[in-house]
Every structure is written in structure tokens, then in C-alpha cells.
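Visitor: After the C-alpha cells below, expect a handful of questions from me.
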């Protein structure tokens, strides 16, 4: 029998990436130069937020999506943090509410006015203090309104109930810095990766570790739940320092289902999963490529589709929610690419080529909408519900009726699980001690320079005084 090649039928086989023209980009933005491994960008159907380079604190821009083109240097900023902003995330249910976290150990909730900022915003509607070190990640709950998670360099994950403005739960199972957090579809499970080279699946309300993997051959960096498939995908580095992805069964992390090497580049791989199309996107930090795959339920699980190539390296990527996509153009995914060297934010649309201009129901199934399925009290009491779905057929027009109301509270000690979080500070890591040492050395050098400048000025004044005394007096 003659050999025949095996062709796999897929409606996404010809998906291609289309970069926006220059006039539809956001230009002139001083993108942050911070080396923290985050996206520094968040986007929803109304606004684009980007962390910017700033002196004497942390700030980020919030720009209405229709305001493309060149952004003025004096454009208003959100600038209330005392340290660098490390992560920003939009509330999935209230489109003008954004959370930010910073090196100043705080998490802050901001309410963006209708139409965007007209002046600098320095006052947050809610300031959350509970971490004893800088806070690197914030994550909103996918089905519950006003539940926010934050992960700090004190190795703790705090669960905040924004209705009361306090941390209500603490996950304290990590022994090093938490690198990434990902919820499953209904928010009943949380997957984390950590600098201690372990992948964990945690029940967030109890803090109990359900599964744990020690990744010796695959040093994990990022993790994402693959929708309702009960699988996880991680990106990391192999023992030969090549970039690698691994697929895991969430109920058994003893061994990965598959491991696949991507390339030999050194930049971090950011994974993005689209549960509606079962497509996985891999974008490398520091390179301009975005690879995409289709996830299957049977071996080989991962099927390579294509690659979007660009010569401009990306620092991070924001992702548009489904209800913000252009369904008339058969757009199934949209990235907002941060190009630091050009100060440019470039939208990249992933498009399924179709000849018909009618609504394509097969590529736009019912998708999670903008209505929460649970209240904070229901979720904290143990209730789980799937997201409330919406159709994209009529286009996204309605605004959420939910309004954020900040609780009134006094500053006090933060006690969770019987522990005062602000009093029990873990020992400093070696990297933190080194950073503190170098900062002190810089401060010493600065003070010495100031003293030497003052000494020079004193000598000049003494010389001027001496010359003045030597001037002969007229009779």
C-alpha cells in the first residue's frame, strides 16, 4: 500500500495575524523599562492601560481605544503609587475599574471617569495594604464580582473582598517568589508557578494544595488553565536552557502529558489560551514572533498552525476580551503589542479568512460575558458557578449596570488566619539584600558628591573673602 500524508481538518488552519496600520496604533508612549516579567499592559472594550516610565513613583496611562495616533507627552496619568507599578488588570465586570500593584507594597483600585482622564489621577478609590514586600501580580476572579487576588514577594497570596476592603483569605504554601497565577473557568481552582521550581494547583478558599509538581527537567515560568478540559499548560526552560512547553493533567501532576521544545532563545514565553476556539498562542518576550496551536482532546494534543512574524521585539502583550472583537472581520483574538524601542502600542488581529460577510456562528460560540455569576459572600461560602455566557451575534453594545462602591474603613492591623500580615515579615532574600546594598552604596556616593561640591563652594567663598580683605581702602 502506498504511503499517504495525513492531513488534519481544521477551520483554524489558515488563521493569520494582521498588524494595524500606523494611524491605528498608539504612538509616543514612554513604556516602562522595568525588567519585571509582566505584560505592563491591560485592555478591555473601552480603554487601553500601559505602565509608563516615571521618576519618583509609579504611573500608568489610560487611553480610550478610539484615541489612536500620537499621544502627547503631557497626557494625564494615574500616578498615585510611591513605587514602580508592576501589574495592572481591568475588572472583568466593571469596565472603568482597574487594579494596580506596586513596589510600595500596596494594591490600589482606580475608577476611570467616563471618556478617560482629563487630569492626573493621584487618589485611588481603595488602597489595600496587607503585603510586607512589593506586590508583583494581581488577578481578578473570573466569575465573582469584587474578589481580587494579589501575590507579593513575601511569598503570600491574599484574597481581597473589595466589598469590605480587607483580605479575607491567605494562601501561604509557597517558599519563594510567585511567578504566575491562573484561575480555571469557574474560579474554583488556582494554579501557581513559583521560583522554587514547583507547579501547584490550590483550592483558593482553604489554601489547600491539591496537586504539586517538582519540575526538575522543566523549570516552569508561566501557567494557564486550558478552559474546561481539566488540563494545564506551562511554559518554561528545559535542562538544556531551551524554551519549552508542557501539558499537564490537573488531577495528576506527577508527570507532564507531553513536553515540547520551542527554540533556543532566552526570552520568557507568554501563553494565551482562547477557550472558544481551543487555540493556544505563544509569544516570546524580546522577540517579535507569536506562534499558535490548536489544542485537541487526544494525542498529540498540540497541533501547530502557523506563526506571526515581526522584526520589532515585544516587551509584553495585552489581550482584548471577546466582546471587544470585530466579529464582522472574523477576528478571533487581538493582541496589543508593546514595542519599547519605538514607544509604540501595535494592535495585532488574528483573523479566520472567510468569504461570507454573515455572522460565523462556528467560530463565535457563546462566550463569558460581563455579568458576574456570584457575589463575594456566595463564593467565599463555597459556591461555584460557571460564567454567565453571552452571544456576540448582535455585537457588544450594552454596558454593565454594576457600579463599584468603595467601603469606608480605618487603617488598622491586617489579621488573616490569626496572623498580622504587617507585623510578620519574612527574612529578606539574597537578591533583596543585594539590591538594598547597592542602593545604600549609591546613596553614599551621592552624599559624598554633595559634600565635595559644598567643600569646593566653601573654598571659593573663603578665597573671595580673602581677596576682599586685601583690597586697599581709599583715604
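Using N, Cα and C of the backbone, Cβ positions are placed for all residues, glycine too.
Automated prediction, rather than curation, is the source of TrEMBL annotations.
Note that the coordinates shown come from a computational prediction; the quantities given were computed from them, not determined experimentally.
So TrEMBL has the following annotated:
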- 444-471: coiled coil (COILED)
- 5-69: domain 'DUF1899' (DOMAIN)
- 78-120: repeat 'WD' (REPEAT)
- 128-170: repeat 'WD' (REPEAT)
- 171-212: repeat 'WD' (REPEAT)
Visitor: Under 8 Å between C-beta atoms and at least six residues away from its ends: which parts of the chain pack against the coiled coil (444-471)?
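Guide: None.
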Visitor: May I have the DSSP-based helix, strand and coil counts for the residues of the repeat 'WD' (78-120)?
Guide: 0 helix, 22 strand, 21 coil
Visitor: Please give the sequence-distant neighbours of the repeat 'WD' (78-120): residues at least 6 beyond its ends with Cβ less than 8 Å from one of its Cβ atoms.
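Guide: Counting only partners 6 or more residues beyond its ends, the repeat 'WD' (78-120) has Cβ contacts under 8 Å with 32, 34, 36, 38, 40-47, 49, 51, 54, 57-64, 67, 126-140, 142, 145, 148, 150, 152, 160, 162, 321, 368, 370-372, 399-400, 402-404, 406.
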Visitor: Can you count helix, strand and coil residues in the repeat 'WD' (171-212) using DSSP?
Guide: 0 helix, 23 strand, 19 coil
Visitor: Just to confirm my parser: what is the rounded mean pLDDT across the domain 'DUF1899' (5-69)?
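Guide: PLDDT averaged over the stretch: 88.
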